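As given in Swiss-Prot:
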type     : residues      : note
DISULFID : CYS129-CYS206 : disulfide bond
CARBOHYD : ASN5          : N-linked glycosylation site
MOD_RES  : LYS326        : N6-(retinylidene)lysine
TOPO_DOM : 1-56          : topological domain 'Extracellular'
TOPO_DOM : 82-93         : topological domain 'Cytoplasmic'
TOPO_DOM : 120-132       : topological domain 'Extracellular'
TOPO_DOM : 153-170       : topological domain 'Cytoplasmic'
TOPO_DOM : 196-219       : topological domain 'Extracellular'
TOPO_DOM : 248-282       : topological domain 'Cytoplasmic'
TOPO_DOM : 307-314       : topological domain 'Extracellular'
TOPO_DOM : 340-377       : topological domain 'Cytoplasmic'
TRANSMEM : 57-81         : transmembrane segment
TRANSMEM : 94-119        : transmembrane segment
TRANSMEM : 133-152       : transmembrane segment
TRANSMEM : 171-195       : transmembrane segment
TRANSMEM : 220-247       : transmembrane segment
TRANSMEM : 283-306       : transmembrane segment
TRANSMEM : 315-339       : transmembrane segment
Amino acid sequence: MLLHNKTLAGKALAFIAEEGYVPSMREKFLGWNVPPEYSDLVHPHWRAFPAPGKHFHIGLAIIYSMLLIMSLVGNCCVIWIFSTSKSLRTPSNMFIVSLAIFDIIMAFEMPMLVISSFMERMIGWEIGCDVYSVFGSISGMGQAMTNAAIAFDRYRTISCPIDGRLNSKQAAVIIAFTWFWVTPFTVLPLLKVWGRYTTEGFLTTCSFDFLTDDEDTKVFVTCIFIWAYVIPLIFIILFYSRLLSSIRNHEKMLREQAKKMNVKSLVSNQDKERSAEVRIAKVAFTIFFLFLLAWTPYATVALIGVYGNRELLTPVSTMLPAVFAKTVSCIDPWIYAINHPRYRQELQKRCKWMGIHEPETTSDATSAQTEKIKTDE
(Lines of atoms letter the chains of each structure in order from A and count residues from 1; the text may use other names and numbers.)
(Lines give C-alpha, C1' and ligand atoms only; values in the text may rest on other atoms or scores of the structure.)
Protein backbone atom coordinates (compact mmCIF):
# COMPACT_ATOMS: atom_id res chain seq x y z
CA MET A 1 0.00 0.00 0.00
CA LEU A 2 1.30 3.42 -0.97
CA LEU A 3 2.25 5.74 1.89
CA HIS A 4 -0.32 8.55 1.70
CA ASN A 5 1.03 10.80 4.42
CA LYS A 6 3.39 13.01 2.39
CA THR A 7 4.84 14.65 5.50
CA LEU A 8 5.81 11.32 7.02
CA ALA A 9 7.22 10.14 3.68
CA GLY A 10 9.27 13.31 3.34
CA LYS A 11 10.75 12.95 6.81
CA ALA A 12 11.46 9.26 6.25
CA LEU A 13 13.20 9.94 2.95
CA ALA A 14 15.26 12.76 4.44
CA PHE A 15 16.38 10.58 7.35
CA ILE A 16 17.15 7.63 5.07
CA ALA A 17 19.15 9.83 2.69
CA GLU A 18 21.20 11.01 5.64
CA GLU A 19 21.73 7.68 7.41
CA GLY A 20 21.73 5.15 4.54
CA TYR A 21 19.19 2.82 6.17
CA VAL A 22 17.08 3.02 9.32
CA PRO A 23 17.00 0.08 11.77
CA SER A 24 13.99 1.47 13.63
CA MET A 25 11.88 1.44 10.46
CA ARG A 26 12.95 -1.97 9.14
CA GLU A 27 9.43 -3.35 8.99
CA LYS A 28 7.95 -0.30 7.30
CA PHE A 29 9.90 0.82 4.24
CA LEU A 30 11.60 -0.79 1.29
CA GLY A 31 15.37 -0.76 1.62
CA TRP A 32 15.34 -1.36 5.39
CA ASN A 33 17.89 -4.17 5.07
CA VAL A 34 20.22 -2.46 2.60
CA PRO A 35 23.45 -1.31 4.31
CA PRO A 36 24.88 2.15 3.55
CA GLU A 37 27.62 0.87 1.24
CA TYR A 38 24.96 -0.49 -1.13
CA SER A 39 22.43 2.32 -0.75
CA ASP A 40 23.02 3.37 -4.38
CA LEU A 41 21.23 0.20 -5.45
CA VAL A 42 17.94 1.55 -4.08
CA HIS A 43 16.43 4.60 -5.75
CA PRO A 44 14.79 7.02 -3.26
CA HIS A 45 11.48 6.46 -5.09
CA TRP A 46 11.20 2.94 -3.62
CA ARG A 47 12.05 3.99 -0.06
CA ALA A 48 8.70 5.78 0.25
CA PHE A 49 6.81 2.46 0.02
CA PRO A 50 6.11 0.04 2.87
CA ALA A 51 8.16 -3.14 2.61
CA PRO A 52 6.01 -6.04 1.34
CA GLY A 53 5.21 -8.78 3.82
CA LYS A 54 7.11 -12.04 3.78
CA HIS A 55 4.09 -13.80 2.28
CA PHE A 56 4.46 -11.65 -0.87
CA HIS A 57 8.06 -12.76 -1.27
CA ILE A 58 7.21 -16.42 -0.63
CA GLY A 59 4.34 -16.21 -3.13
CA LEU A 60 6.68 -14.83 -5.80
CA ALA A 61 9.25 -17.51 -5.00
CA ILE A 62 6.64 -20.24 -5.51
CA ILE A 63 5.43 -18.71 -8.79
CA TYR A 64 8.96 -18.38 -10.16
CA SER A 65 9.88 -21.90 -9.08
CA MET A 66 6.96 -23.25 -11.11
CA LEU A 67 7.90 -21.05 -14.09
CA LEU A 68 11.51 -22.24 -13.86
CA ILE A 69 10.48 -25.90 -14.08
CA MET A 70 8.11 -25.23 -16.99
CA SER A 71 10.73 -23.20 -18.85
CA LEU A 72 13.57 -25.68 -18.44
CA VAL A 73 11.46 -28.73 -19.32
CA GLY A 74 9.74 -27.08 -22.29
CA ASN A 75 12.72 -25.29 -23.81
CA CYS A 76 15.18 -28.14 -23.26
CA CYS A 77 12.67 -30.45 -24.95
CA VAL A 78 12.46 -28.05 -27.92
CA ILE A 79 16.25 -27.89 -28.26
CA TRP A 80 16.58 -31.67 -27.89
CA ILE A 81 13.95 -32.59 -30.49
CA PHE A 82 14.69 -29.87 -33.04
CA SER A 83 18.43 -30.57 -32.84
CA THR A 84 18.34 -34.38 -32.99
CA SER A 85 15.49 -35.02 -35.43
CA LYS A 86 16.60 -35.13 -39.08
CA SER A 87 13.22 -33.96 -40.34
CA LEU A 88 13.37 -30.91 -38.05
CA ARG A 89 17.00 -29.90 -38.64
CA THR A 90 16.08 -27.19 -41.13
CA PRO A 91 17.17 -23.55 -41.49
CA SER A 92 13.73 -22.34 -40.39
CA ASN A 93 13.89 -24.36 -37.21
CA MET A 94 17.32 -22.97 -36.35
CA PHE A 95 15.44 -19.84 -35.31
CA ILE A 96 13.20 -21.90 -33.03
CA VAL A 97 16.23 -23.38 -31.29
CA SER A 98 17.75 -19.91 -30.94
CA LEU A 99 14.53 -18.61 -29.37
CA ALA A 100 14.54 -21.53 -26.92
CA ILE A 101 18.13 -20.68 -25.94
CA PHE A 102 17.15 -17.07 -25.21
CA ASP A 103 14.21 -18.38 -23.16
CA ILE A 104 16.57 -20.58 -21.12
CA ILE A 105 18.86 -17.60 -20.50
CA MET A 106 15.85 -15.81 -19.03
CA ALA A 107 15.21 -18.86 -16.88
CA PHE A 108 18.67 -18.36 -15.34
CA GLU A 109 17.24 -15.29 -13.59
CA MET A 110 14.60 -17.28 -11.76
CA PRO A 111 16.77 -19.14 -9.20
CA MET A 112 18.34 -15.79 -8.30
CA LEU A 113 14.92 -14.26 -7.75
CA VAL A 114 13.74 -17.21 -5.65
CA ILE A 115 16.78 -16.90 -3.37
CA SER A 116 16.42 -13.11 -3.26
CA SER A 117 12.77 -13.46 -2.28
CA PHE A 118 13.63 -15.55 0.77
CA MET A 119 16.43 -13.10 1.66
CA GLU A 120 14.09 -10.13 1.00
CA ARG A 121 16.89 -8.38 -0.88
CA MET A 122 18.97 -8.78 -4.03
CA ILE A 123 21.38 -11.67 -3.73
CA GLY A 124 24.99 -10.65 -4.29
CA TRP A 125 24.19 -6.95 -4.02
CA GLU A 126 25.77 -5.05 -6.95
CA ILE A 127 27.37 -8.08 -8.62
CA GLY A 128 24.17 -10.09 -8.29
CA CYS A 129 22.18 -7.18 -9.67
CA ASP A 130 24.48 -6.93 -12.69
CA VAL A 131 24.33 -10.67 -13.39
CA TYR A 132 20.54 -10.73 -13.08
CA SER A 133 20.19 -7.71 -15.37
CA VAL A 134 22.55 -9.11 -18.00
CA PHE A 135 20.48 -12.31 -18.22
CA GLY A 136 17.31 -10.23 -18.59
CA SER A 137 18.83 -7.88 -21.17
CA ILE A 138 20.23 -10.66 -23.37
CA SER A 139 17.07 -12.75 -23.26
CA GLY A 140 14.61 -9.88 -23.69
CA MET A 141 16.28 -8.22 -26.67
CA GLY A 142 17.23 -11.62 -28.10
CA GLN A 143 13.62 -12.78 -28.01
CA ALA A 144 12.53 -9.59 -29.77
CA MET A 145 14.97 -9.88 -32.68
CA THR A 146 14.49 -13.65 -32.98
CA ASN A 147 10.75 -13.10 -33.33
CA ALA A 148 11.55 -10.61 -36.11
CA ALA A 149 13.83 -13.19 -37.77
CA ILE A 150 11.09 -15.84 -37.55
CA ALA A 151 8.61 -13.42 -39.14
CA PHE A 152 11.07 -12.78 -41.99
CA ASP A 153 11.66 -16.51 -42.49
CA ARG A 154 7.93 -17.31 -42.52
CA TYR A 155 7.35 -14.53 -45.05
CA ARG A 156 10.12 -15.81 -47.36
CA THR A 157 9.12 -19.47 -46.99
CA ILE A 158 5.42 -19.02 -47.68
CA SER A 159 5.53 -16.16 -50.19
CA CYS A 160 8.37 -17.69 -52.27
CA PRO A 161 8.27 -21.45 -51.56
CA ILE A 162 10.55 -22.40 -54.46
CA ASP A 163 13.48 -19.99 -54.26
CA GLY A 164 12.69 -17.93 -51.17
CA ARG A 165 13.69 -20.36 -48.43
CA LEU A 166 16.75 -19.49 -46.40
CA ASN A 167 19.64 -21.93 -46.40
CA SER A 168 21.54 -22.88 -43.25
CA LYS A 169 24.32 -20.35 -43.81
CA GLN A 170 21.87 -17.49 -44.25
CA ALA A 171 19.96 -18.56 -41.14
CA ALA A 172 23.21 -18.76 -39.15
CA VAL A 173 24.16 -15.22 -40.22
CA ILE A 174 20.77 -13.87 -39.10
CA ILE A 175 21.04 -15.68 -35.76
CA ALA A 176 24.54 -14.26 -35.25
CA PHE A 177 23.08 -10.83 -35.96
CA THR A 178 20.47 -11.28 -33.21
CA TRP A 179 23.30 -11.96 -30.74
CA PHE A 180 25.16 -8.89 -31.96
CA TRP A 181 21.97 -6.86 -31.55
CA VAL A 182 21.76 -7.54 -27.80
CA THR A 183 25.38 -6.57 -27.11
CA PRO A 184 25.43 -2.72 -26.98
CA PHE A 185 22.58 -2.17 -24.52
CA THR A 186 23.73 -5.10 -22.39
CA VAL A 187 27.39 -4.11 -22.08
CA LEU A 188 27.05 -0.31 -21.79
CA PRO A 189 24.99 -0.34 -18.54
CA LEU A 190 27.14 -3.18 -17.18
CA LEU A 191 30.29 -1.09 -17.60
CA LYS A 192 28.38 2.04 -16.53
CA VAL A 193 29.48 3.75 -19.73
CA TRP A 194 25.87 4.69 -20.45
CA GLY A 195 23.04 3.85 -18.08
CA ARG A 196 23.32 1.43 -15.17
CA TYR A 197 21.63 -1.57 -13.61
CA THR A 198 19.72 -1.13 -10.35
CA THR A 199 17.03 -2.76 -8.20
CA GLU A 200 13.32 -2.30 -8.81
CA GLY A 201 9.94 -3.25 -7.37
CA PHE A 202 10.37 -5.38 -4.25
CA LEU A 203 14.15 -4.81 -4.58
CA THR A 204 14.60 -8.52 -5.36
CA THR A 205 14.94 -7.96 -9.12
CA CYS A 206 17.09 -5.65 -11.22
CA SER A 207 16.90 -3.88 -14.55
CA PHE A 208 18.27 -0.76 -16.21
CA ASP A 209 17.73 2.49 -14.32
CA PHE A 210 14.60 4.34 -15.49
CA LEU A 211 14.02 6.51 -12.41
CA THR A 212 17.07 8.79 -12.18
CA ASP A 213 15.85 12.25 -13.14
CA ASP A 214 18.46 13.50 -15.60
CA GLU A 215 18.77 13.92 -19.36
CA ASP A 216 21.28 11.10 -19.70
CA THR A 217 18.83 8.57 -18.26
CA LYS A 218 15.98 9.88 -20.40
CA VAL A 219 18.02 9.57 -23.59
CA PHE A 220 19.23 6.08 -22.59
CA VAL A 221 15.72 4.79 -21.85
CA THR A 222 14.38 6.31 -25.08
CA CYS A 223 17.16 4.70 -27.13
CA ILE A 224 16.81 1.25 -25.54
CA PHE A 225 13.03 1.46 -26.00
CA ILE A 226 13.49 2.08 -29.73
CA TRP A 227 16.34 -0.44 -30.07
CA ALA A 228 14.86 -3.32 -28.08
CA TYR A 229 11.13 -2.85 -28.68
CA VAL A 230 10.14 -0.49 -31.51
CA ILE A 231 12.56 -1.63 -34.24
CA PRO A 232 11.87 -5.39 -33.80
CA LEU A 233 8.15 -4.63 -33.62
CA ILE A 234 8.28 -2.71 -36.91
CA PHE A 235 10.06 -5.62 -38.62
CA ILE A 236 7.59 -8.15 -37.23
CA ILE A 237 4.52 -6.16 -38.29
CA LEU A 238 6.03 -5.51 -41.74
CA PHE A 239 6.81 -9.16 -42.50
CA TYR A 240 3.57 -10.59 -41.12
CA SER A 241 1.56 -7.96 -43.02
CA ARG A 242 3.30 -8.97 -46.25
CA LEU A 243 2.77 -12.62 -45.40
CA LEU A 244 -0.97 -12.17 -44.89
CA SER A 245 -1.19 -10.21 -48.14
CA SER A 246 0.63 -12.99 -50.00
CA ILE A 247 -1.68 -15.68 -48.59
CA ARG A 248 -4.79 -13.71 -49.52
CA ASN A 249 -3.54 -13.08 -53.07
CA HIS A 250 -2.69 -16.78 -53.48
CA GLU A 251 -6.12 -17.90 -52.28
CA LYS A 252 -7.81 -15.34 -54.51
CA MET A 253 -5.85 -16.61 -57.52
CA LEU A 254 -6.82 -20.22 -56.79
CA ARG A 255 -10.50 -19.33 -56.49
CA GLU A 256 -10.45 -17.43 -59.77
CA GLN A 257 -8.67 -20.26 -61.60
CA ALA A 258 -11.05 -22.85 -60.16
CA LYS A 259 -14.00 -20.76 -61.28
CA LYS A 260 -12.63 -20.49 -64.83
CA MET A 261 -12.01 -24.25 -64.99
CA ASN A 262 -15.40 -25.00 -63.43
CA VAL A 263 -13.92 -27.11 -60.61
CA LYS A 264 -14.31 -26.91 -56.86
CA SER A 265 -10.66 -26.65 -55.93
CA LEU A 266 -7.16 -26.44 -57.40
CA VAL A 267 -5.40 -27.54 -54.23
CA SER A 268 -2.31 -29.55 -55.13
CA ASN A 269 0.34 -31.27 -53.02
CA GLN A 270 2.35 -28.07 -53.11
CA ASP A 271 -0.66 -26.17 -51.79
CA LYS A 272 -1.07 -28.75 -49.02
CA GLU A 273 2.57 -28.15 -48.13
CA ARG A 274 1.83 -24.44 -48.15
CA SER A 275 -1.08 -25.10 -45.79
CA ALA A 276 1.29 -26.79 -43.34
CA GLU A 277 3.65 -23.84 -43.56
CA VAL A 278 0.75 -21.46 -42.90
CA ARG A 279 -0.09 -23.49 -39.81
CA ILE A 280 3.48 -23.06 -38.59
CA ALA A 281 3.26 -19.34 -39.38
CA LYS A 282 0.19 -19.12 -37.15
CA VAL A 283 2.24 -20.63 -34.34
CA ALA A 284 4.96 -18.05 -34.90
CA PHE A 285 2.40 -15.25 -34.92
CA THR A 286 0.92 -16.54 -31.64
CA ILE A 287 4.36 -16.41 -30.03
CA PHE A 288 4.83 -12.87 -31.36
CA PHE A 289 1.50 -11.87 -29.82
CA LEU A 290 2.58 -13.34 -26.49
CA PHE A 291 5.87 -11.45 -26.76
CA LEU A 292 3.91 -8.23 -27.34
CA LEU A 293 1.68 -9.00 -24.37
CA ALA A 294 4.69 -9.63 -22.15
CA TRP A 295 7.03 -6.78 -23.01
CA THR A 296 4.59 -3.91 -23.71
CA PRO A 297 3.81 -3.46 -19.97
CA TYR A 298 7.54 -3.46 -19.16
CA ALA A 299 8.25 -0.89 -21.88
CA THR A 300 5.37 1.22 -20.57
CA VAL A 301 6.77 1.14 -17.02
CA ALA A 302 10.17 2.34 -18.25
CA LEU A 303 8.65 5.23 -20.22
CA ILE A 304 6.50 6.27 -17.26
CA GLY A 305 9.64 6.27 -15.14
CA VAL A 306 11.39 8.86 -17.29
CA TYR A 307 8.49 10.83 -18.77
CA GLY A 308 5.29 10.10 -16.85
CA ASN A 309 3.72 10.20 -13.41
CA ARG A 310 5.99 8.17 -11.13
CA GLU A 311 3.26 7.83 -8.52
CA LEU A 312 1.86 5.11 -10.80
CA LEU A 313 5.02 3.06 -10.32
CA THR A 314 4.37 1.07 -7.17
CA PRO A 315 6.42 -2.03 -6.27
CA VAL A 316 3.55 -4.27 -7.39
CA SER A 317 2.98 -2.45 -10.70
CA THR A 318 6.65 -2.89 -11.62
CA MET A 319 6.86 -6.53 -10.51
CA LEU A 320 3.86 -7.71 -12.56
CA PRO A 321 5.41 -6.92 -15.99
CA ALA A 322 8.47 -8.94 -14.97
CA VAL A 323 6.22 -11.91 -14.11
CA PHE A 324 4.49 -11.59 -17.51
CA ALA A 325 7.83 -11.58 -19.33
CA LYS A 326 9.04 -14.70 -17.50
CA THR A 327 5.72 -16.46 -18.13
CA VAL A 328 6.00 -16.00 -21.90
CA SER A 329 9.46 -17.58 -21.93
CA CYS A 330 7.83 -20.65 -20.36
CA ILE A 331 4.82 -20.72 -22.69
CA ASP A 332 6.75 -20.51 -25.99
CA PRO A 333 7.81 -24.19 -26.15
CA TRP A 334 4.38 -25.45 -25.15
CA ILE A 335 2.78 -23.42 -27.95
CA TYR A 336 4.98 -25.37 -30.37
CA ALA A 337 4.11 -28.63 -28.64
CA ILE A 338 0.43 -27.94 -29.20
CA ASN A 339 0.51 -26.56 -32.75
CA HIS A 340 3.69 -27.45 -34.68
CA PRO A 341 2.77 -30.56 -36.77
CA ARG A 342 6.22 -32.14 -37.20
CA TYR A 343 7.25 -31.29 -33.64
CA ARG A 344 4.11 -33.05 -32.40
CA GLN A 345 5.01 -36.09 -34.53
CA GLU A 346 8.45 -36.30 -32.93
CA LEU A 347 6.99 -35.85 -29.45
CA GLN A 348 4.56 -38.65 -30.24
CA LYS A 349 7.46 -40.95 -31.21
CA ARG A 350 9.73 -40.13 -28.27
CA CYS A 351 7.29 -39.30 -25.49
CA LYS A 352 4.38 -41.68 -25.97
CA TRP A 353 3.22 -41.00 -22.41
CA MET A 354 2.10 -37.51 -23.51
CA GLY A 355 -0.77 -39.06 -25.46
CA ILE A 356 -0.18 -36.97 -28.59
CA HIS A 357 -1.84 -38.20 -31.81
CA GLU A 358 -0.44 -36.38 -34.83
CA PRO A 359 -0.88 -38.25 -38.17
CA GLU A 360 2.04 -38.47 -40.59
CA THR A 361 1.44 -36.25 -43.61
CA THR A 362 2.99 -36.28 -47.04
CA SER A 363 3.15 -32.51 -47.08
CA ASP A 364 5.31 -32.45 -43.98
CA ALA A 365 7.77 -34.92 -45.47
CA THR A 366 7.89 -32.97 -48.71
CA SER A 367 8.44 -29.71 -46.85
CA ALA A 368 11.23 -31.22 -44.79
CA GLN A 369 12.93 -32.64 -47.87
CA THR A 370 12.63 -29.31 -49.70
CA GLU A 371 14.22 -27.45 -46.80
CA LYS A 372 16.93 -30.11 -46.50
CA ILE A 373 17.86 -29.69 -50.17
CA LYS A 374 17.98 -25.92 -49.71
CA THR A 375 20.17 -26.35 -46.63
CA ASP A 376 22.76 -28.32 -48.58
CA GLU A 377 23.08 -25.69 -51.28
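All residue numbers here begin at 1 and follow the chain in the order shown.
Cβ atoms here come from the backbone N, Cα and C positions, even for glycine.
The structure, with features from Swiss-Prot marked on it.
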residue: CYS129; record: disulfide bond; Cβ within 10 Å: 25
residue: CYS206; record: disulfide bond; Cβ within 10 Å: 27
residue: LYS326; record: N6-(retinylidene)lysine; Cβ within 10 Å: 26
For the transmembrane segment (133-152), what are the same-chain contacts with Cβ under 8 Å, counting residues 6+ beyond its ends?
95-96, 98-99, 102-103, 105-106, 108-109, 174-175, 177-179, 181-182, 185-186, 189-190, 197, 206-208, 227-229, 232-233, 235-236, 239-240, 243, 284, 287-288, 291, 295, 298, 325, 328-329
Under 8 Å for C-beta pairs, could you tell me which stretch among 171-195, 220-247, 283-306, 315-339 has the largest tally with the transmembrane segment (57-81)?
315-339
The transmembrane segment (94-119) touching the transmembrane segment (315-339) per 3+ Cβ pairs under 8 Å rule:
yes
To the transmembrane segment (283-306), which of 94-119, 171-195, 220-247 is linked by the most Cβ pairs under 8 Å?
220-247
Just to verify a number: CA distance, CYS206 (disulfide bond) to LYS326 (N6-(retinylidene)lysine), in angstrom, no decimals.
14
Assigned conformation of CYS206 (disulfide bond) - DSSP reduced to three states:
strand
Please give the sequence-distant neighbours of the topological domain 'Extracellular' (196-219): residues at least 6 beyond its ends with Cβ less than 8 Å from one of its Cβ atoms.
30-31, 34, 40-43, 45-46, 52, 56-57, 60, 109, 113, 116-117, 119-122, 128-130, 132-134, 136-137, 185, 189-190, 301-303, 305-307, 310, 313, 315-316, 318-319, 322
